[in-house]
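Working notes, structure below.
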């Protein structure tokens, strides 16, 4: 089923799993409590030997969720108590959302509609005391890059453009760092477009930006029609609340991309995305969780929701009939921790805000426990990669000398 946007911009409750918001809700409703508890242990892991604790949120945040009909969930990751360090607890939020108006509406109305839709969700994060908030990939617009039509470039804006100004006021109001992934137009370099995350500080200042490292060329995701691979490396942004990084969408499929943010000292890595069910849903709960484990940091995974229908049909280069939509963006935003625990996912079809308290001491504790940094062989990997990028590279393959001998 798909979550459709009607001509008046209203959304229907399609896109569920057999009528349930998420896999976790389906299992909870249909398994005996003792069975669900065991399944939950295997699906979500254990944080410091126990299930994640629920956070009691202010009534004002709950009221905003009820009034504006968005999913609101909150859970807490703890760490072991240490003698030499105090807990370093930070409250982090993720927002997933559908577009506000049909893609046929005037572009300025579409953007303003999304601003208006997100304002109460950001307010809920603010009154709930969120310190760092991340929005979804290209949150100011429909994910129109499947169409290959140039007119969607009009949604691009400078780093200090309209969306940043909108969020700067909220960042100051709530003393909140906000990660804002946008379609950037680089005014100083020939007005080239980039897929960019703008990091807005809790004082309303622009801390910096990161441009998407890996650009997909898979099915409808032919984004290189609009922008190419980023040029910002793997920056980690030191904020008053902790060290954060942004691995934008398709970068989650590249383990070395995750590794690089970890080597630069990230404690939380956000993965703002736009991905659809048929293509990637079985991979979604695995990749970020694996990255959190392998790199000893927290990961926040965000995916938009809904089915965005475009005016003109397009093809995918796979011989299948032309169509007017990507498919269903399945939401399911969640957090993963370095100890292999993770939160239940947000709804598969509703707008949502996921809040988590994280004790960042857990990052070092799991570096010490597993010793992945200590036991890694970076010099060996570096030597192989240095050889691999040369034209005369020869794979290190040892063949059986009898491999091609005729059998008797």
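Just so it is clear, glycine is given a Cβ too, placed from its N, Cα and C backbone atoms.
Per Swiss-Prot, domain 'CN hydrolase' is recorded for 90-360, and the stated evidence type is sequence analysis.
What Swiss-Prot records for 137 is active site, proton acceptor. Long-range C-beta contacts of residue 137 (active site, proton acceptor), restricted to its own chain and to partners at least six residues apart, with a cutoff below 8 Å, comprise 143, 181, 195, 248, 249, 272, 273, 274, 302, 304.
There are 27 other Cβ atoms within 10 Å of the Cβ belonging to residue 212 (active site, proton donor). According to Swiss-Prot, the feature active site, proton donor maps to 212, an assignment based on sequence analysis.
Using a 10 Å Cβ-Cβ cutoff, residue 249 (active site, nucleophile) registers 25 neighbours. Look at Swiss-Prot and you will find 249 tagged as active site, nucleophile.
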